[in-house]
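**Q** The annotation region 'Disordered' is assigned in TrEMBL to 1-59. Here TrEMBL flags 15-27, 38-59 as compositional bias 'Basic and acidic residues'. The region 'Sigma-70 factor domain-1' annotation in TrEMBL covers 73-106. Annotation comment: TrEMBL describes 111-181 as region 'Sigma-70 factor domain-2'. The motif 'Interaction with polymerase core subunit RpoC' annotation in TrEMBL covers 135-138. Residues or ranges marked as domain 'RNA polymerase sigma-70' by TrEMBL: 135-148, 304-330. Residues or ranges marked as region 'Sigma-70 factor domain-3' by TrEMBL: 191-266. Per TrEMBL, region 'Sigma-70 factor domain-4' is recorded for 279-332.
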Amino acid sequence: MVSVGEDTRYAAQSSEHDADDERRQEMLDDTDDDRDEVNDKDAGDDDAPKFMDSGRGRGSMAHKDLVNARSLDATQLYLNEIGFSPLLTAQEEVYFSRLALKGDDAARKRMIESNLRLVVKIARRYINRGLTLLDLIEEGNLGLIRAVEKFDPERGFRFSTYATWWIRQTIERAIMNQTRTIRLPIHVVKELNVYLRASRELAQKLDHEPTAEEIAALVDKPVANVERMMGLNERVSSVDVPAGQGADKPLLETIADQGATDPETLLQNNNISGNLNRWLGMLPDKHADVLSRRFGLRGYEMSTLEQVGQEIGLTRERVRQIQVEALRKLREIVENNGLTGEDLLQ
C-alpha cells in the first residue's frame, strides 16, 4: 500500500526535475547511446534518469527525430522511438510495480516502456537464429509484459534481473516453434540444443567436423541417441522460393535430376525408338508379332510366353523359340546400323 506521504514525495521529486530543463535536454540527446546499451542502475550509472518525468517537452523533439528518420528502416525507426523512454531508478521501479500489481494501467505502461531497450539488448544475442531482429524484439516484448504482470518488488531484487528470464524464455520458445517447418516438441529441441552446443565446442577444438561418437563421448549419451537427435536438425526449404536474391527462377528449376539421362544418350534412345518399328517391319510377320506381344511394342501390352501362345495359337515352347530367333535377327539389323544389342535393350 503506497502511503499519501510517499505519493507527495514522488510528486515533489517530479516537479523538481521538471524544472530542470537543461538536464532533461542532455538526457534526450543521449538516447542513441541508451538505445544500444541498457544501463545497470545498481552499478551507480550517473546517466540513468533519477526522476519521474511526465513526458512534457519531449513531443516536438521526438516528432522532429522521427521525421528525419523517414528514410531509415523499420528497425531503426523503432529503436529511435523507444530511445525517448527514460529508465527507472530502483525507487521508481518499486513505486510503479506496486501500482501495476494493483491494476494501474498507467504504471504498467510506464514499466513496460522504460524497459523496451532491455528487450532489444537481449534480442540481439539471438540474431542469425532464424528470426529477424524485429521478430525477436516482438517476442521479447511479450516476455517483458508477462514479467511486469508477475514482478513482486517486495522480494528485493531488481526488475531487470527478473524480466531477463521471461524475455529470454519467450524468445527461445519462439525460435524453437517458428524456425522449423516441421515443429518439434520443446523438450526435444532442448535436448537437441545440448548436442548442437557440444558439436560446436568440439568443432573449435578439432580439425574436422565432430562425429556422432565424439559428441556422444562428450555429453555421455548413447551414440544412437545422438544420431537420432542430430537427424532431427535437418532444415526443410521450399523448392518454390527464388534461387537467389533477385532471381526469377524458383529453386526447383536449379536442382539437377540425378536420375535424368544425359542429352546425348537421350537423343540416341529417341532415335532407336523411332527406328524400332521400321526394324520390326524387316522381320518375318510371325517374328515381329511375337516380339511386339512379348515386349509391349506396336500398341500391345507386355505378355508372358504362355499368354502370347494362347493369343496366337502356339505352345509356350514354340513361342520361346520364335522369340530367340527374332531377337537374333533384330540384333543383326541393329548392329548393321552402327549400334549394339545393349543399346537396343536400354
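Every residue gets a Cβ built from N, Cα and C, even glycine.
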**Q** Average the per-residue pLDDT over the motif 'Interaction with polymerase core subunit RpoC' (135-138) and send me the rounded value.
**A** 91
**Q** Tell me the residue counts in helix, strand and coil for the region 'Sigma-70 factor domain-1' (73-106), as DSSP assigns them.
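**A** Helix (H, G, I), strand (E, B), coil: 23 helix, 0 strand, 11 coil.
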